[in-house]
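Encoded as structure tokens, the structure appears first; notes follow it.
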Amino acid sequence: MAWTSYQLLLAGMMLTTGSINTLSAKWADNFNAKGCNGSESHQFQHPFLQAVGMFLGELSCLAVLYILICRNRSSPVPTIEPSQPFNPLLFLPPALCDMTGTSIMYVALNMTSASSFQMLRGAVIIFTGLLSVAFLGRKLEWSQWLGICITIAGLVVVGLADLLSGPGAGKNLSDVITGDLLIIMAQIIVSIQMVLEEKFVYKHNVHPLRAVGTEGLFGFVILSLLLIPFYYIPAGGLSNSERPVLEDSLDAFCQIGNQPLIFLALLGNIISIAFFNFAGISVTKEISATTRMVLDSLRTVVIWVVSLALGWETFHALQILGFIVLLLGAALYNGLHKPLMCRRCRGESEETQGLLQGERRDPINSD
């Protein structure tokens, strides 16, 4: 069945904003600007402040929800079910995981390429599958186990491509390796977040936009407060500012004042996060979760092509192979092979359905 104009708009919005999300963050990292008190020009390296901006984008989903609720009240045919009472503190543990994982990934983005950053995030399938078996009692099908194994192989190929292309792109090899490992470590935390959402949040039937916004509220408030002690915690070589601390927010604002394009990049990241979450949820509802997964994979291609065009990284054929292997692993894990194997695919039971598959099994928020 052909897509409607609205469905095409949602798919295009998800692909575009999802790509802008990563590209804008990397664009900000590539700037060099003077800091406070006329300090020498240095790289904009403020991952925790960028993470605060990301949570601000998630928080704006609450505003979108209230707009939809107001429209729903005036509509003759309501489309949004009344919200069930729930304890907002249920979102605190997932929000803490989101905050930690996102901060680590922004640190890693300073060290590795945008395309590798996006590809390596596919490791979340491995840890989500294993944790869902251990803590949710889910039984994975053979295709999901095979998808996990293929995903591991894909990660090895992408890592090898980084090792071979890093020196040629002018990157420090140790930074590239550290960045890749940090991304994979962050996926462990993200998978814990998804399992917590599955176990404690989904059963309350909370609207996805409310869930995204509530987690964004917790993440924004907590991480904003943490910026104060981070300003005094020594970080050694991890910081590029004159004060080698974990996060020099004042230096960040001075750099933004000296180079306004950094503000444009950060604003693009905040806005794209909000629209990407809205578009992703809408794609799942209006089309299918499978389409959402495919579009999420396609944005990796967009990010890679744009990064090559802008000269942010050099071409390496192994990245293509790594992407194809990772895409194959994700497809098997999410059951995309089943329509090819049978004409009439029987609906899967709740017990064997993948944690990343289905309308109720999508991650509450993604970036």
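Every residue gets a Cβ built from N, Cα and C, even glycine.
Automated prediction, rather than curation, is the source of TrEMBL annotations.
Feature list (source: TrEMBL):
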type: SIGNAL; residues: 1-18; note: signal peptide
type: TRANSMEM; residues: 48-69; note: transmembrane segment
type: TRANSMEM; residues: 89-108; note: transmembrane segment
type: TRANSMEM; residues: 120-138; note: transmembrane segment
type: TRANSMEM; residues: 145-164; note: transmembrane segment
type: TRANSMEM; residues: 176-196; note: transmembrane segment
type: TRANSMEM; residues: 217-234; note: transmembrane segment
type: TRANSMEM; residues: 261-281; note: transmembrane segment
type: TRANSMEM; residues: 293-312; note: transmembrane segment
type: TRANSMEM; residues: 318-336; note: transmembrane segment
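Non-local neighbours of the signal peptide (1-18) in the same chain are 271-273, 275-276, 279-280, 282-283, 286-287, 291-292, 295-296, 298-299, 302; each lies 6+ residues outside the stretch with a CB under 8 Å from one of its CB atoms. Of the recorded ranges 48-69, 145-164, 176-196, 217-234, 261-281, the transmembrane segment (318-336) has the largest number of C-beta contacts under 8 angstroms with 145-164.
Here the transmembrane segment (48-69) has long-range neighbours at 25, 28, 80, 99, 102-103, 106, 207, 209-210, 212-217, 219-220, 223-224, 226-227, 230, 246-247, 249, 252, 266, 269-274, 277-278, 365, 367, meaning same-chain residues at least 6 beyond its ends whose C-beta is under 8 angstroms from one of its own. Beyond its flanks by at least six residues, the transmembrane segment (89-108) meets 25, 47-48, 50-51, 54-55, 117, 121, 178-180, 182-183, 185-187, 189-190, 192-193, 196-197, 200-201, 204, 211, 214-216, 218-219, 222-223, 238, 364-365, 367 of its own chain at Cβ-Cβ distances under 8 Å.
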